[in-house]
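In Swiss-Prot this protein carries:
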ACT_SITE  106  active site
BINDING   11, 105  Mg(2+) binding site
DOMAIN    7-187  domain 'UmuC'
SITE      16  site 'Substrate discrimination'
């Protein structure tokens, strides 16, 4: 995309419902919604089977049941959704620090200066979606474009579990055919008002002028005019830099010796280096090893460190494993802690 920005919009597919279907296989092939089932309750979301009956988010549960009598409604598990969202955010951070979360299930990523995947935003989006599926057994859709507006529109083009790329040379053609219904900020009433004046697609707006649009939609006219030309100059609103980096693996079978744990750490260390690459300007201040035992209790041993040292992880493992009390190990993890701001004079050192 040359000097253009490379923005990815990731949108999880029916996030809450997908988690319920993942955790409870009996829900996988039935119409499912998450929300309350009382007479005044509304739905948070629904799966694609339910959507075929017209069931939608924010719909009263009683209406949803009328549309789909065999709809299964389950109460949400917000703690699980938040933890899963945190895991997804960790996957994003492997590729860029420039992340703007919009909700638990969607975010913008700026990968303009990313070096992974040869700097290809398309490949990065594919890798992120693959990581989410392989590690969390959930699917996500993605839009890749030169700005936030187009990336968000694009992420909806090939849902579910797909992605759409709008390169700079395709922007004009893509936007020209775009229905005004798809522009954020245009609800049914505004669209109806525009429609009455002959505006149906962005092409219609492009042939008009801001003054004429102001007479119809007021202050929104300028934004509408720019978006109809594919222009959106907003930067990502990055809330804060990550304070740590972690990688862990839940083992297929519990292991029962320190040497077996060391082999796992050797493997995790190489993956940690890969994930560390996008954060090479951050100053490391801490290393840690985490073990979770057969009984699901866990322990973490940390120490101060200004570089990522494999030998130090092995030393920390020895201390952590001494707390096992003959319990098997089911999870092994490595952590790095960062200083609050990037070190200006100190370059990150990687001891291989």
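Yeah, the Cβs are placed from backbone N, Cα and C, and that goes for glycine too.
All features noted in Swiss-Prot, drawn onto the structure.
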| residue | record | DSSP class |
| --- | --- | --- |
| 11 | Mg(2+) binding site | strand |
| 16 | site 'Substrate discrimination' | helix |
| 105 | Mg(2+) binding site | coil |
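Spatially close to residue 11 (Mg(2+) binding site) yet at least six residues away along the chain are 105, 106, 140, 141, 142, 143, 152, 155, 156, 159, judged by Cβ distances under 8 angstroms. By neighbour count, meaning other C-beta atoms within 10 Å, the densest spot among the recorded positions 105, 106 is 105. The local packing around residue 16 (site 'Substrate discrimination'), expressed as other Cβ atoms within 10 Å of its Cβ over all shown chains, amounts to 27.
For the domain 'UmuC' (7-187), the predicted model reports an average pLDDT of 94.
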